[in-house]
Amino acid sequence: MKLRSRLTNLLGIALMLLLWQLAGQNLGDALLATPVEAARALVATLREPGFWAALWQMMWQMTIGYLLALGIGVPLGIAMGRVPVVDAIVKPWASMFIVVSAAAVVPLFIILMGRGLLFSTAIVFVVTVWYVVVSVTEAARAVSPKLIDVARSFAASDTQRFRHVILPALHPYVMIAARVGFVHALRAMVTAEMFISAGYGGLLNNAGLDLSTAPLFALIVMLMVISLSATTLLRWAADRAAPWYASRTRDR
């Protein structure tokens, strides 16, 4: 089953690359570089010192905002899922802010914070935290009442029920929220940098001005690789920490 799924995925990728190659050959490099041209541009990009400096700048600044979003979003999501008063207060704000894109708030944040570390961190945090909050909230609400009743029957205190029942049940869903949050954090960071023409976003802006689309595709491919690598690593960590959940969802 797993082998068949992987073969299907590889076949889909191969078909997409073939269609991309044919379209690129017909449209020309200025409109759509072929996969071969994009691969050559990627190799050339990886050899440039400026690329690695821009990538490092993007990643460490994004990581600060991302970790802040997790550190605040996870406890807030648990509180919303378990305490009705907290949910009533925070839910309207979460519903409003989760639909706001990074591009909509970047100009305001530039005016308020300038273009430094505070700006980048704030953009990533504001965009990411609500996805974490909503994901964890739904998971906290879905904790089986039967598990809590069993713990209560053994005279477990509220603290013990939270520590030994609710938190373990939430663990895999918190990791899912972390994966979703990382993708949105990366998007927000790139969007912010494109507005101020700095870091990796600045490289994307410059590549968009080139007569060839190959460098632009090379940078986009690198973003895909970063996102896929990070989410795969988080999935691996979740599987090791909650093997019972991994075995239940392995074939989905």
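Each Cβ is built from the backbone N, Cα and C atoms, and glycine gets one as well.
Looking at 62-81, 162-181, the range annotated in TrEMBL as transmembrane segment turns out to be 62-81. Ranges compared are 25-44, 185-204, and TrEMBL records transmembrane segment for 185-204. The list of residues near the transmembrane segment (62-81) in space but at least 6 beyond its ends in sequence, with Cβ under 8 angstroms from a Cβ of it, reads 87, 90-91, 94, 117, 120-125, 128-141, 143, 166, 170, 174, 177-178, 181-182, 185-186, 188-189.
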